[in-house]
C-alpha cells in the first residue's frame, strides 16, 4: 500500500501502439442505396391495410409488405401513429429496407418475452427514419408499475450481414431495447434509446464481427452499449450514456472470445460506471482493446475491470485472460472515490492480466477528500499496476491520492438529465440530440437536420 500527495501518470507505453489501431476490418452497412431499393419496388403499408389511427394493427401489413419487397425494395411506413398488435419477424431478406417515419405503439398483447420487431438472416438491409422522428414506443411502464421486468423485447437483428439501423428512437421497452446477435458488417448510428430507471432494460447488447456503432444516446439503468462474447473488430464511438448503467464488456463466462475492440469518445452522466469489464471465473480470452477519450460525471464507478464480479454467480474455470488492453485519456469526476475507487483493475489470481496500460487517467471525487486506486494481479504500466513480467505471484496494490490531478475538469452536455425516468408513468419520446460527445458533431448528419 502506498500514499502520495500527487500521482505521476505514465504517458507512453511501447505495447499500446498496435492495439490502438484495432477496429474495423472492412466496409460496413448496406450494399445498395435506399434510392436503388425504392426504384425496384416501394411497398407502402397503407396499401396493405395499415391505418395511422393507433387502433388498426400495423404488424400484419408490414409482414405482407415484406412478402412483396423483402427480396428487393423499400417498405414505407409514413408519418403517423400505428398500433403494433402482431409482432414482426422477417427472415432472409435481400437488398431491402424499411423506412419508419411514423411511431409504432406496442399493443397490450401479446405478453411473451419475444421481440416486437425482429430481422433475421439475409443481407443488404437498412432500417431507418428519413426525418429522425420514427420511433417504437414500448409502453414498458405498464409492466414496470407492477414491479414486472419480464416481458416483450423491442428490436432484434440476428445473423444479418451488410446492414444498418439509424436515425430511430426506441422508448420504454418492457425488457431489452436493442439486441444484435451475430451482426456482421453492420452500422448503427444516430439513435436515442430511452428506458426506465431499472436494471434489465438494456440499451444495446451486441456481438458479431466488423461492427461500427456511433452517435448513440442511451437512458436506462443497465447496459448502455455493451459488447458480448464472440465479438471482434468493433469500433464504438461518440456514445452518450445519459443516466444509464454505462458501457461494458460482458458479463463473460466460459469460452469468452473478444478481440480488437475500440471504444472512444464516450460521455457518461449519472450512471453506474463509465466502463466495466465483468466476469467471475470462467475461461477464454479478451485481447487487443482500447478505451480512449472518456468523460464522466456523477458516476458510481469509473474504470472498472472486475474478474470477481459479485453480481453474477461464479463459473468454473481459472478466469478469463485479459491482455493487451489500454485505457487512456479519461477525465471527469466520480461520486465517491473513497468507497468506489475510480480505478479498479481486479484480475484472476490464477490467470493474471498482462499488457495492461493506464494512460492519463485524470478523475477526481465529488464527495470525500481523496481517490483510491486498486489493482490486483494486473501487470503492465501506469498507476497501481505492477510492472513485473513473467510472474504469477498474487498481489494487491492500493494507492491513495489526496490531491486532484491536473486536467480532471471536463465539459458537460446540454442534454444531461436532471432526474431519471421512473417506472410508473409513460416515458416521452425524445429528440435525437445534436451531439453525443462534447465538441463533436455526429459522423453522419442526423436525418432532417439542416
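Cβ coordinates are placed from backbone N, Cα and C, and glycine is handled just like the others.
Copied over from Swiss-Prot:
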- 222: active site, proton donor (ACT_SITE)
- 297: active site (ACT_SITE)
- 43-69: disulfide bond (DISULFID)
- 224-241: disulfide bond (DISULFID)
- 347-353: disulfide bond (DISULFID)
- 375-384: disulfide bond (DISULFID)
- 54: N-linked glycosylation site (CARBOHYD)
- 92: N-linked glycosylation site (CARBOHYD)
- 131: N-linked glycosylation site (CARBOHYD)
- 242: N-linked glycosylation site (CARBOHYD)
- 257: N-linked glycosylation site (CARBOHYD)
- 324: N-linked glycosylation site (CARBOHYD)
- 329: N-linked glycosylation site (CARBOHYD)
- 1-22: signal peptide (SIGNAL)
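Considering other CB atoms within 10 Å as the measure, the emptiest surroundings among the disulfide-bonded residues 43, 353 are those of 43. Here the Cβ of residue 329 (N-linked glycosylation site) has 16 other Cβ atoms within 10 Å, regardless of which shown protein chain they belong to. Sorting the recorded positions 54, 241 by the number of other Cβ atoms within 10 Å puts 241 first.
Figure note: comparing Cβ neighbours within 10 Å for the glycosylation sites 257, 324, the maximum is reached by 324. Taking the Cα of residue 353 (disulfide bond) as the reference point, the closest of the recorded positions 224, 241, 329, 384 is 384. Residue 257 (N-linked glycosylation site) has 347 as its nearest neighbour among the recorded positions 54, 222, 224, 347, going by CA to CA distance. Neighbour list (residue 69 (disulfide bond), Cβ cut-off 8 Å, at least 6 residues apart, same chain): 41, 42, 43, 75, 96. Between the alpha carbons (Cα) of residue 329 (N-linked glycosylation site) and residue 375 (disulfide bond) lies a span of roughly 19 Å. Cα separation, residue 297 (active site) to residue 384 (disulfide bond), rounded: 22 Å.
Candidate recorded positions: 92, 222, 224, 324, 347. Nearest to residue 131 (N-linked glycosylation site) by Cα distance: 224.
Rounded to a whole number, the C-alpha distance linking residue 54 (N-linked glycosylation site) with residue 92 (N-linked glycosylation site) is 29 angstrom. Recorded residues residue 375 (disulfide bond) and residue 347 (disulfide bond) have their alpha carbons 8 Å apart, per Cα-Cα distance. Cα separation, residue 92 (N-linked glycosylation site) to residue 224 (disulfide bond), rounded: 29 Å.
Annotation note: residue 329 (N-linked glycosylation site) sits in a strand segment as assigned by DSSP.
Among the recorded positions 222, 224, 347, 384, the residue whose Cα lies closest in space to that of residue 242 (N-linked glycosylation site) is 224. Residue 324 (N-linked glycosylation site) has 347 as its nearest neighbour among the recorded positions 222, 224, 241, 347, 384, going by CA to CA distance.
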